[in-house]
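In what follows, a single structure is set out as structure tokens and then discussed.
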Ligand SMILES: Cc1cc2nc3c(=O)[nH]c(=O)nc-3n(C[C@H](O)[C@H](O)[C@H](O)COP(=O)(O)OP(=O)(O)OC[C@H]3O[C@@H](n4cnc5c(N)ncnc54)[C@H](O)[C@@H]3O)c2cc1C
């Protein structure tokens with residue numbers, strides 16, 4: 001119990017299943033829980049206001065939970081490699097703990113921080129808890145390459161066994177010999193390390209709608225339990241059978257909580273296992289376990305495939321001659337209101353932007369999702385865009401979503417459309433998916449003239465989608481002549497407890 005420890009929250013904004021935090025508490029006499037508002041990550045303009053609100057809610061919740069344990073959250077501003085060394089000196093820190101993060105940006109940041117820590121004689125301890133497994137182990141188990149199909153992925157996972165059980169949240173008992181200094185000196189310290197408000201961060205709050213998905217661990221666990229209280233629904237869950245355009249979500253909407261780590265994926269996994277116990281239940285890829293495996297699949301691919309988030313120099317991505325069309329892109333951009341849409345609705349809009357209709361590079365859509373989705377996640381966003389644009393993983397480019405037929409299947413009356421586009425509220429169901437086909441008299445009666453009150457279509461789907469299928473065919477033909485179809489194998493040597501610095505260096509190479 002000799003250490004003075006900083007536990008650095010980045011993702012993993014929770015107390016439950018936080019092995020790095022728990023290990024800090026077990027061996028320290030003083031703990032400083034820190035969150036760093038890093039201008040490179042928490043950029044006001046690159047992250048939408050809804051997402052900021054979610055993050056601040058999650059931090060407030062975390063601070064509240066820490067205070068119940070006689071601690072608190074210290075919110076610090078600046079680049080981690082600059083601000084942490086100052087804190088090491090100011091607080092006399094001897095150990096830094098955090099949850100391991102696989103994103104390339106995070107790995108290079110963590111390497112810089114680990115170097116600074118070494119210079120200051122601070123030991124770094126990290127634990128893996130953002131994913132179900134150690135994704136590097138999955139890659140090793142697959143001969144040094146990321147599995148590129150779900151079936152292969154499942155085979156590899158079988159050899160690893162089930163994910164580890166989540167560790168419990170720290171209790172007052174765990175904190176009995178640990179103190180957080182500065183707690184009893186509010187005033188200046190509070191101002192220096194307090195949470196900012198959206199206003200202080202300079203956000204325009206005028207367009208903000210009511211909070212549908214409040215950030216934080218408490219809400220995440222409440223939401224999880226609410227779903228787990230419906231064992232019939234959980235056991236029969238099949239993703240393709242859920243509705244993309246129901247008025248209230250037909251899936252869990254736990255994704256923002258999992259992305260920010262308010263909910264641990266392992267806790268989610270094991271709660272599902274409990275509910276499944278002794279009952280007939282659906283199976284991957286369509287079950288809820290299967291959804292968490294999709295997450296793990298993309299995380300693994302994002303670690304094993306270089307330049308995963310872009311087309312250039314990404315060895316699994318088909319090279320396609322996308323058009324540049326800012327007008328179409330602007331017409332497509334949406335999601336501002338709630339920050340979440342159903343997975344199949346994401347399918348439809350992603351297909352429309354890329355290979356289906358507008359022929360715009362999936363990286364543009366990825367940027368918009370990253371800014372506006374509450375659950376915006378580097379690996380999942382890139383992996384799913386690669387899939388939907390038929391650039392990788394999914395090769396049936398000739399299967400295109402029709403913007404008219406797709407919605408009709410599950411919402412004949414167009415209630416979803418009417419909710420989000422009240423201007424079309426009075427349109428008869430017959431024309432709701434194609435208002436431009438309604439006779440002028442119908443448009444007049446509905447109080448909405450297409451071309452004046454509502455935009456005309458920007459493309460003719462039937463025509464453009466056929467042309468685009470031919471363009472995809474040409475890209476695939478080129479691909480089969482040249483670009484390598486799978487990532488180069490790493491020279492996978494079994495790891496033997498490397499130092500943090502060695503590991504981070506290896507990973508950033
Ligand atoms: C183009 C596109 C971009 C996407 N970008 C993101 C993103 O940035 N962040 C994100 O979390 N999801 C992303 N997804 C995946 C998926 O749409 C969301 O995870 C899902 O809709 C979240 O809703 P839910 O929590 O109700 O999911 P549920 O169906 O309840 O699934 C439970 C959990 O499983 C995981 N999951 C479900 N589907 C997927 C999937 N296809 N891929 C990976 N993990 C999945 C999520 O963590 C989710 O919370 C994207 C999908 C598409 C098509």
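The backbone N, Cα and C atoms fix where each Cβ goes, and this holds for glycine too.
In TrEMBL this protein carries:
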DOMAIN    3-132  domain 'Photolyase/cryptochrome alpha/beta'
BINDING   251-255, 291-298, 375-377  FAD binding site
SITE      322  site 'Electron transfer via tryptophanyl radical'
SITE      362  site 'Electron transfer via tryptophanyl radical'
SITE      385  site 'Electron transfer via tryptophanyl radical'
REGION    476-509  region 'Disordered'
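Annotated features taken from TrEMBL, shown on the structure.
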{"residue": "251", "record": "FAD binding site", "DSSP class": "coil"}
{"residue": "292", "record": "FAD binding site", "DSSP class": "helix"}
{"residue": "322", "record": "site 'Electron transfer via tryptophanyl radical'", "DSSP class": "coil"}
{"residue": "362", "record": "site 'Electron transfer via tryptophanyl radical'", "DSSP class": "helix"}
{"residue": "376", "record": "FAD binding site", "DSSP class": "coil"}
{"residue": "385", "record": "site 'Electron transfer via tryptophanyl radical'", "DSSP class": "helix"}
| request: Using all protein chains shown, find which of the recorded positions 294, 298, 322, 362, 385 scores highest when you count other CB atoms within 10 A of its CB. | output: 362
| task | Taking a cut-off of under 6 Å between Cβ and any atom of ligand 1, tell me which of the recorded positions 292, 294, 322, 362 pass. | result | 292, 294
| query | 10 Å Cβ neighbour count around residue 292 (FAD binding site)? | reply | 21
| query | Reported in the order helix, strand, coil, what are the DSSP residue counts of the domain 'Photolyase/cryptochrome alpha/beta' (3-132)? | reply | 56 helix, 31 strand, 43 coil
| message | Around the C-beta of residue 296 (FAD binding site), how many further C-beta atoms are within 10 angstroms, looking at every protein chain? | response | 21
| task | Kindly state the mean pLDDT of the domain 'Photolyase/cryptochrome alpha/beta' (3-132) in the predicted structure. | result | 95
| remark: Going by C-beta under 8 A and a gap of 6 or more residues, the same-chain neighbours of residue 251 (FAD binding site) are 239, 242, 291, 342, 343
| residue 385 (site 'Electron transfer via tryptophanyl radical') versus residue 298 (FAD binding site) - Cα distance in angstrom | 11
| remark: Of the recorded sites 322, 362, 385, the one whose Cα sits nearest to the Cα of residue 296 (FAD binding site) is 385
| field | For residue 376 (FAD binding site), nearby residues of its own chain (Cβ under 8 Å, 6 or more apart in sequence) | value | 47, 51, 259, 369, 370
| Counting across all protein chains shown, how many other Cβ atoms sit within 10 Å of the Cβ of residue 255 (FAD binding site)? | 21
| field | Cβ neighbour count within 10 Å of residue 253 (FAD binding site) | value | 18
| task | Looking only at C-alpha atoms, tell me how far residue 322 (site 'Electron transfer via tryptophanyl radical') is from residue 385 (site 'Electron transfer via tryptophanyl radical'), rounded to the nearest Å. | result | 14
| Per DSSP, to which secondary structure element type does residue 298 (FAD binding site) belong, with helix, strand and coil as the options? | helix
